[in-house]
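Asks: Got a structure for you, written out below as structure tokens; questions coming shortly.
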Amino acid sequence: MGQRLSGGRSCLDVPGRLLPQPPPSPPPVRRKLALLFAMLCIWLYMFLYSCAGSCAAAPGLLLLGSGSRAAHAPPAPAPGPDGTTPRLPFQAAPATPLAAGREPAEGAASQEEQSPETPDSPSPISSFFSGSGSKQLPQAIIIGVKKGGTRALLEFLRVHPDVRAVGAEPHFFDRSYDKGLAWYRDLMPRTLDGQITMEKTPSYFVTREAPARISAMSKDTKLIVVVRDPVTRAISDYTQTLSKRPDIPTFESLTFKNRTTGLIDTSWSAIQIGIYAKHLEHWLRHFPIGQMLFVSGERLISDPAGELGRVQDFLGLKRIITDKHFYFNKTKGFPCLKKAEGSSKPHCLGKTKGRTHPEIDREVVRLLREFYRPFNLKFYQMTGQDFGWD
């Protein structure tokens, strides 16, 4: 029998509080919540780590911010040989006065093609991914034409997860070539393996030096030209200038060197740009016709998915952009995106697009069509496409 304690109680009778007790176990719900929280933290860490190399290409993550603008500002260009720092490309060039009401040089006028509503600032998540990938020289360039639909095409293409493009027009091969390819590359957004770097500057198509310069960069560069009925294009060009300078002469007076004889003034850029066959000859001296894609500006409006299908095939991309991405805006008269890159909201090009054209004398339009007809037919033969402008 056990030893007796004072008072006649057995040691077995000692109260429980005198013996060491194990700590009370936490309630089951709290224990499960703590375990779930720990697992969530681990999963989130692994997800972010793995996404740094792959999520930027996922179609569902277009909200990461503008892939076409660098996720962060490009580093400042190095000082030139004279010790001065070159201007950034997005600063507007000094305006040149119109001579006799004529429009300024094509490059300066094409600033209107830059869309002010293009996403410019990255989201916080896109900043996280900005360190991934590398900057490459463009493998494809939209080289023209002004007022043909180049901005619309670029905005539509940027929906594709494998396309990364500069939003503003770099104007490297016509204005800033002396700054060098390293400067040009630094303007480009970062891309991952399998993604294409693009830019668009419509004035390249009418710049004599541009074909040789692009060929010197890479003979494999793919070139895209958006063309439109040259008469309609010229009127659209004039309408753009008129919106900036309401005091310019009428379209009719600018069209002719001599209205009585009906002699067309081909020195006026609005007319000269539309002689597509003449400009294409310069490009074919440096690039084979198979390396160029000619997009119909009219079909880009009437059948955007069809034209985008051709462009995606030309670029070697999977056909991701389809009819489901577009809706037709009756007010503007052209298609808009249901969801633009970097946004979950519908997106149309800004108020500078889709302007109402002024009424032009029908006889002037008829004479212009006669003027352009032989050039159009030659252009059809050169490209192997009938655009139906005649």
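For all residues, glycine too, the Cβ spot is worked out from N, Cα and C.
Annotations for this protein, taken from TrEMBL, read as follows:
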- LYS147: active site, for sulfotransferase activity (ACT_SITE)
- LYS147, GLY148, GLY149, THR150, ARG151, ARG228, SER236, LYS353, GLY354, ARG355, THR356, HIS357: 3'-phosphoadenylyl sulfate binding site (BINDING)
- 111-120: compositional bias 'Polar residues' (COMPBIAS)
- 123-133: compositional bias 'Low complexity' (COMPBIAS)
- CYS336-CYS348: disulfide bond (DISULFID)
- 138-373: domain 'Sulfotransferase' (DOMAIN)
- 1-27: region 'Disordered' (REGION)
- 70-133: region 'Disordered' (REGION)
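Situate these features within the shown structure.
Replies: Cβ neighbour count for ARG151 (3'-phosphoadenylyl sulfate binding site): 25 (other Cβ atoms within 10 Å of its Cβ, all protein chains included).
Just so you know, the Cβ of CYS348 (disulfide bond) picks up 19 other Cβ atoms within 10 Å once every protein chain is counted.
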Asks: Calculate the distance in Å between the alpha carbons (Cα) of SER236 (3'-phosphoadenylyl sulfate binding site) and CYS348 (disulfide bond), and round it to a whole number.
Replies: 18
Asks: Find, among the recorded positions listed as GLY149, CYS336, the one whose Cβ has the highest number of other Cβ atoms within 10 Å in the structure shown.
Replies: GLY149
Asks: Between ARG151 (3'-phosphoadenylyl sulfate binding site) and CYS336 (disulfide bond), what C-alpha distance do you get in Å?
Replies: 12
Asks: What's the most sparsely packed of the binding-site residues SER236, THR356, counting other C-beta atoms within 10 A?
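Replies: Least crowded of the binding-site residues SER236, THR356, by Cβ count within 10 Å, is THR356.
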Asks: Measuring Cα to Cα, tell me the gap between LYS147 (active site, for sulfotransferase activity) and THR356 (3'-phosphoadenylyl sulfate binding site) in whole angstrom.
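Replies: With the alpha carbons as reference points, the distance is 14 Å.
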